[in-house]
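Features as listed in TrEMBL:
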TRANSMEM  20-43  transmembrane segment
TRANSMEM  275-295  transmembrane segment
TRANSMEM  302-326  transmembrane segment
DOMAIN    303-433  domain 'SSD'
TRANSMEM  332-353  transmembrane segment
TRANSMEM  381-399  transmembrane segment
TRANSMEM  405-427  transmembrane segment
TRANSMEM  499-516  transmembrane segment
TRANSMEM  755-787  transmembrane segment
TRANSMEM  794-816  transmembrane segment
DOMAIN    794-919  domain 'SSD'
TRANSMEM  822-844  transmembrane segment
TRANSMEM  865-891  transmembrane segment
TRANSMEM  897-920  transmembrane segment
REGION    930-1024  region 'Disordered'
COMPBIAS  941-970  compositional bias 'Basic and acidic residues'
COMPBIAS  980-997  compositional bias 'Basic and acidic residues'
COMPBIAS  1005-1015  compositional bias 'Basic and acidic residues'
Amino acid sequence: MSGSRVEAVAKFIFNRPGVVLLGAFVVILLCVAPAGGGLNVTLAPTVWYDSSSLVTQRQFGYETGFNGWADMMASPGGSSNTTTPMTTTLDTLYFVFESNDDSTLLTKKRVAKIKSIEDSVLSVDGFEDWCQLLTGDTCAGFTSLTSTLLDGEGEVREEAEYEAIVSSVWCSSPTTKSSIAIALAGADLQCSGRNITNTKYLKSKLPFGGPLPGYDAVSVDTAEQHRKLGESFFSTTLAPHLKEKAKEAEKLGMTLYFGGLNPVGGVAYGTVLSYLMMDMMFAIGSMLFVLIYLISQLRSGFISFMGFFEIVISVPMSFGLFALFGSEYVSFLQFMGLFIIMGIGADDIFVFMDAYDQGKANFKDETPENQFVYSYKRASSAMLVTSCTSGVAFFATAVSPVPAVAAFGLTMGFMVFCDFFLVITWFPASVLIAERYLGWLTYENLCVPTPPPPTPEEIKAAEEAAKMRSPWETEPSKMGNIEYYFNSSYLDTIGDQRYGGFLSLFFLVMIFVWFSKAGDLKVTGDLPENFDEDHMFTKFRDVVVTGFSQSTGIPKVPVNVFFGIDGDKPVNRDGLDPQSDAVSNFAYYDNDFDLTKHESQVAIANLCTSIASPNSTMVYDSQVYCFVDDFKEFLAGQNPSLSWADGTHASKIVSPEFMNYQRLKFGERFTGAGMKSGVVVKGYEVDTTGLQDVVDAGTESELDVFAFITFNSTLPLKPSLLNLAEMRQWMEDFDALLATHNTANPSVKGLQFCLYWYFMIAGEAVVTSTKQGVAISLAFAAMILLGATRNWRLASLAILTVLGVVAAVAWMMILLDWTVDFLGSVCLIVVIGLSVDYTVHLCHSYSHSDEIYNVHRAAHAATEMGLSVVSGAITSFGASIFLLLCSMVFFKRFGTFMCATVVISLTLSLWFFLPICCFIGPSRNRKTNYETSHSDFCVSDPRDDNKVQPEKEEKKETKETEVDGEKGEEAEAEVEVEVEEKKEIEEKEVDGEKGEEAEVEVEEDVKNDVKKEVEGGGDAEGGA
């Protein structure tokens, strides 16, 4: 926007602040409206997956096929087409009780407490609306080993009876009940040599029903049903209740962990959401801190509140703009923008208010309108530069293929520019209205007594002091502590050759050291952990995986081989929100896959055998589960005369009878987290009768069939124990095995699935996009700075400062043993967005200074922008420090990054950028007033102890003294020479016939002209 247009806008705001305020409010409503139309918060892990990768899409293909098989297993009648509401398991709540000492959990008091906690859940208000219904519309209760320790009247039995009861449950025949009991009590309870006194863990589970009312089946809008369970009941009602019960368990030396095994289920979602809601309460603390600080600095409740509203409302405005792009979901990462915009928005407010106050102080003889125009033009240009550099730094993350990272960058960029729009419209109008109509509400009018009028002597002393100050200085009596520091001690330090030189050299060396160490920063691409290792949620997951991992049927890290999905185009995701919980609309099936052929089944059986080879380093203890083995048992059970080996009954693998047989095996073998393998026919989900007709007609090859096998891998239980290269090597090694199989059996092509591959692909994408984002951010920041300053040297010093901040933060990550994972990649982008803010403000003020020497220009930048920069840093730091109190690891680490970035950015901008500008920063040419490559090295403070005028004022006085003859004969002789030269020139132009009288007149005129010229030259030079 040109200067004339900015001036026109400023005049319009000055003359019609009410109209501007109303117009800005209308814009706010228009931007916020789309956000209220249905944005949903998602905690699904899919937001961290790179959905553009073919590997990820194949994983989605497996999940789509597997969900259809799981729905079939869960349906009472074997078909997931229509199901009575709440009669199928939608999700399951698990309890794990841990003994806090070496004593057993199986004591009478502890068993009674466990039972009372389980019973309390069944009586929670609203539970009957979410429970799984049994016959007679009664709610299913807990499946718990402790329930067997009760007598007929529901009272806890004596401890002496526990041994025999546990024996009968633990060592019974393999039924659903016994397999659950095995998982409940831990590996130390064996059928031989039992020792219940060593029971450290007990586990119980409670199902929640589905499909929810209004849904035909659990498989219909599954993610939406889970989200309703998590949001409407678990996070708001049940999770707070369980946290209170956990406190009761602590009194008996037990720890209660609760959660869900399905990472995208309603229970896990509700658990995390409950902690997220608690952590977001700290956002209130951040906002209160910013509001209180604004009031303390602005001294006006109305102006502070309007500025605070401007900052906060930019968050829903950005969400509304985000929704206009067709987005339906927001992840919790996007809410981090609130803490970032607190600092950026407050910084802009302080920049405007400082410019506004300085405009009134420096242009007292101008009209209020001209004062406002000056302030508006100065502040808006400074804020435009910082908003562009910060906004584009955040927009750079939108190139990431990881939905959560891209959405964060897009939302954060919108947030920065929404705040910029409001700070140049809403806030200036608010300031004018407050000054004109609400002046009585200021702190000074309400809380400070009116001082007596100044005496004539005080007025004269103030005028004399004003003459001794340079234009960029503020009257000391009107300075706050921070502003006074920047006008005194700070200038003494950076302007001194010794101290300023030491600071410049010291930080140059440190930046070099930081850069040399940054190469040691490890890149892992790990998904962010929700909580730290000691948190209840993390403990629950670890105990479920490790504490019960030796029980029968519990896998290590499963890897699946699946068949029937098109490997080149696995799924359709058209129209799906990138952050949607759903992995696909539907899967594309492999037309060449025909499982009804005997040779196809033989090929899969051989693959299972080769995977289970004892020599394999990828399979744990040869643990492979293959559905072909189940099919052999099925045929034998149907009729002993049926033989799988002859291949005559191969087509029965897609029959309704085998589908139901899998349900039986699921009940016996697949309960809990056991290995799964099976076959599902797409047509079976639609119509059981129609499937039978197809089988009877002998057209089984027309069916879309999905099949999969599972084996326990040797992968570590935590993906963070492997780096990206090790994960990829493992995946490629197994791909080589599958490639051999697929080449020999083109009609039975297998693809692999493992949850870890999501992490690997997304981690690789994060590494690439982080490099791109950092490069784009720095390049654009350099262009903005070069365009704003029009001096390559000044822009280079600013970019060097920003690079120093990035390197210092990377060094801090190394010291804290952090890696570049998903969170680290986001924070490195945030570092650029924040670090440019302070440096750019100082750089912009330096470049627009009218001072000649670099030392004076640096002093001008410090006195003009120092207070604004420090105030913005204080609000950013204060808002971020509340994040350190959160329970979620993401918030804690993000808060650490924010605090560190603010401190490092402020330090380098004030103690490196400005000091080095005093030495090699550009100065202005005195004659042309343009910046030149010449550097004036500062050797002293820009002002002496007596606050004398700069050197240019001294030169002016010297010239005037010379003209008045106070310098003696040397000055007079110099004037006489110039007079003679002028006289000769004039005489040539004067008619020689004019006599002596004309010559005298010419001589007098020439003397006067020379005197005026000398005086004018001194004035011009002094005012340059």
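The backbone N, Cα and C atoms fix where each Cβ goes, and this holds for glycine too.
As the structure is a computational prediction, the values presented were derived from the model and not from experiment.
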Task: Proximity of the transmembrane segment (332-353) to the transmembrane segment (755-787), 3+ C-beta pairs under 8 angstroms - done: no
TODO: Compare 275-295, 755-787, 794-816 by their Cβ pairs under 8 Å to the transmembrane segment (897-920) and return the stretch that comes out on top.
DONE: 794-816
Task: Cβ contacts under 8 Å made by the transmembrane segment (275-295) with residues that lie 6+ beyond its boundaries - done: 43, 235, 301, 304-305, 307-308, 311-312, 332, 335, 338-339, 342, 346, 349, 443, 530-531, 537, 871, 874-875, 878-880, 882-883, 885-888, 891
- [ ] Rank 405-427, 499-516, 794-816, 865-891 by Cβ pairs under 8 Å to the transmembrane segment (20-43) and hand me the top one.
- [x] 405-427
Open item on the list: DSSP-wise, what's the residue breakdown of the domain 'SSD' (794-919) into helix, strand and coil?
Closed with: 111 helix, 2 strand, 13 coil
Task: Result, the transmembrane segment (499-516) in contact with the transmembrane segment (755-787) (3+ CB pairs under 8 Å) - done: no
Open item on the list: When secondary structure is assigned with DSSP, how many helix, strand and coil residues does the domain 'SSD' (303-433) contain?
Closed with: 114 helix, 3 strand, 14 coil
